[in-house]
Amino acid sequence: MASLSNYPVIYFGFLSLYFLSKDKLIDFVLGIFFAVIAVFCQGNGMFVFLSGIPLLLKDKPKLLIWLFIFLMIILLYFIIFPYNKPNGHPEFFSNTKFFFLSRIYYGLALLSNVFNSKFVLILGMIPLLGILYLYKNYLKISKLHLSMISFLLLSLSSLVITRGGFGFEQAFSSRYHINTLFLYSLIYICLFPLIRIKKHFLLILFFTLLFYYNTNLINIHQLSVQKNKS
């Protein structure tokens, strides 16, 4: 069930951000409603509230209401679901010598987990550089899409902090693939309107080929195995 819980939290999180990007009061109410649902689907749904802040910066009353509800939801969440360290979890600073190195490697593995490759340092840097490029050129990019990317990045960052001690191999678990796939898709969507600019076109072409490789070529072995079974 853990792998399935990633789907509704992203779905409701994205719905919340979509309605927040609209101007009507009913849209703001729906944004709050879906954000609350996202939180109680999975804990990382809290990051919807942080990701939605840039969408409300021009409307201070809505922003204050949003932040107040965020604080109330945090208190309510930890009252209902108090944190208890699960059995078998390594200590947070169990290996201080390699603490930061292991987290960096785990994070890059999360960004490249759909490839199931040993070259995590190279493949993980590709979407990371693309995301940095988008944030650098944020004035040209849809705020809604950037907020969605921020939500996914914050969710992945929480995994890096809390689960990085288990070893980077765990980052290749299929339950985390949906986050990475959405990141790649959003990078492509953000770059697509800039296709007329030559350097942007090359980036778009690169991510198109990367996404095609992921969705088709890496599944060839699985398809052949299923064919042999049938």
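Just so you know, glycine gets a Cβ as well, placed from its N, Cα and C.
Since the structure is predicted, the reported quantities are computational estimates derived from the model, not experimental observations.
Annotated features, as they stand in TrEMBL:
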- 6-21: transmembrane segment (TRANSMEM)
- 28-57: transmembrane segment (TRANSMEM)
- 63-83: transmembrane segment (TRANSMEM)
- 104-134: transmembrane segment (TRANSMEM)
- 146-166: transmembrane segment (TRANSMEM)
- 178-195: transmembrane segment (TRANSMEM)
- 201-220: transmembrane segment (TRANSMEM)
Problem set entry | Among 28-57, 63-83, 104-134, 178-195, stretch most in contact with the transmembrane segment (6-21) (C-beta, under 8 angstroms) | 28-57
Exercise. When you check the transmembrane segment (63-83) against the transmembrane segment (104-134), do you get at least 3 Cβ pairs under 8 Å, counting only pairs 6 or more apart in sequence?
Worked result: no
